[in-house]
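**Student:** I have a structure here, written as structure tokens, and I will follow up with some questions on it.
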């Protein structure tokens, strides 16, 4: 009986184990089935997601192609392209184009007419005051135009004064050296105005945008710039000759003021040329080349390198319209006329042989004459007084004489400066008034393409 009980208990135990194992197995299988199911679901989701992304990418790609096809003839028929472009001249596109053109014209109202008043109803005085302060500030911040040239004028002219250091002595053998020292002082500083062409060109491109945007009138800028420019012509003239000429070269002191004013008028003429070429040429390098050509012509036809009577037409016109010829002869007069030169003495016709005289147009001797020391060559014997020396130089250099033409020469140089300033104003306003408007092409119809056209 006990054995049977034990046997039944063992069977029950084995059955329980088997049952538990079965349950566990079923649970494991179910768990694995759940995991596999979840993996399948995730895999299907990934596939669907990738399919959606690819589908969206295809749609975007097709949209891009369709967009490009609307405007690019390489992706669609030329007829469709022509239809799109034709819409620019008609319908809503035409209204937009007209609105843009009207907006441009409105912004340029001040640039087109100096009598027009801007949105802020700004007066000429107010605009000039603001532009004057800005120009004065730019002179300090950008020294290339004026302050830099002041330094270069001093250094360059001092160099020539040191090279011609012996010409500081007013003697017969240094007369011609003194003449050429004046040529270097007159010619070289004016050539450095070429840097102003570049600076004015850069400034003009900036000012042109501001004028076209209606910020101020073009004449307000021009007047403010002129107010800054004129005093600096006098300052540059002083820098040219104060240290080198009157300090090192021992020039004739009483003529200092008139000498400064005479050379300032010459500088004003060349400054006008610099402004004209800065606006006339879009590329500043081209404007600088134009300026250098004018300077070379002025230096060549100043009356020293070649006699004015020897220049043939039409080149002879340069002897009249360029300022160096007029400026040099007045500066020579101011320096020489009232001075005396050693190595010669005044004499009259009653004095012993050797007394030299200049002659009038009728052939009469001009009294008094002069007689040089025995140590002085006859070729170097030019006279005792400054007037005698000037007339002696004039035999070889026709533009130089003892005739007082300072007033007329300054007037001619200022007239040249005024003409160049007028040309500058005309070019300045013309380029500021130019604008662009949208207009249909020559075809005008379905095949007409929209183009930009310049108008004034």
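Placed from the backbone N, Cα and C atoms, the Cβ positions cover glycine too.
Take a look at what TrEMBL says about it:
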{"type": "REGION", "residues": "1-76", "note": "region 'Disordered'"}
{"type": "COMPBIAS", "residues": "1-34", "note": "compositional bias 'Low complexity'"}
{"type": "COMPBIAS", "residues": "35-71", "note": "compositional bias 'Acidic residues'"}
{"type": "DOMAIN", "residues": "128-336", "note": "domain 'ABC-2 type transporter transmembrane'"}
{"type": "TRANSMEM", "residues": "146-167", "note": "transmembrane segment"}
{"type": "TRANSMEM", "residues": "179-200", "note": "transmembrane segment"}
{"type": "TRANSMEM", "residues": "220-244", "note": "transmembrane segment"}
{"type": "TRANSMEM", "residues": "256-277", "note": "transmembrane segment"}
{"type": "TRANSMEM", "residues": "289-307", "note": "transmembrane segment"}
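Could you tell me the structural context for the features on the list?
**Tutor:** Remote same-chain partners of the transmembrane segment (256-277), defined as residues 6 or more beyond its termini with a Cβ less than 8 Å from a stretch Cβ, comprise 186, 189-190, 193-194, 196-197, 200, 229-230, 233-234, 236-238, 240-241, 245-246, 287-288, 290-291, 294-295, 298, 323-324, 326-327, 330-331, 334-335, 406, 409-410, 413-414, 416-421, 423-424, 427.
Residues 179, 183, 186-187, 190-191, 193-194, 197, 270, 273-274, 277, 280-281, 315, 318-319, 322-325, 328-329, 397-400 of the same chain lie 6 or more positions beyond the ends of the transmembrane segment (289-307) yet place their CB under 8 Å from a CB of it.
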**Student:** Within the same chain, where does the transmembrane segment (179-200) have neighbours whose Cβ lies under 8 angstroms from its own Cβ atoms, ignoring anything closer than 6 residues to its ends? I mean 6 or more beyond.
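**Tutor:** Sequence-remote neighbours of the transmembrane segment (179-200) are 142, 144-145, 148-149, 152-153, 156-157, 160-161, 164, 167, 236, 240-241, 244-245, 249, 263, 266-267, 270-271, 273-275, 277-279, 284-285, 287-288, 290-292, 295, 298-299, 302, 304, 324, 327-328, 331-332, 335, 393, 397, 400.
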**Student:** Please report, as numbers and ranges, the same-chain residues at least 6 past the borders of the transmembrane segment (146-167) whose CB is under 8 Å from any CB of it.
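**Tutor:** Apart from its flanks, the transmembrane segment (146-167) reaches 139-140, 174, 177-178, 180-181, 184-185, 188-189, 192-193, 195-196, 232, 235-236, 239-241, 243-245, 247-249.
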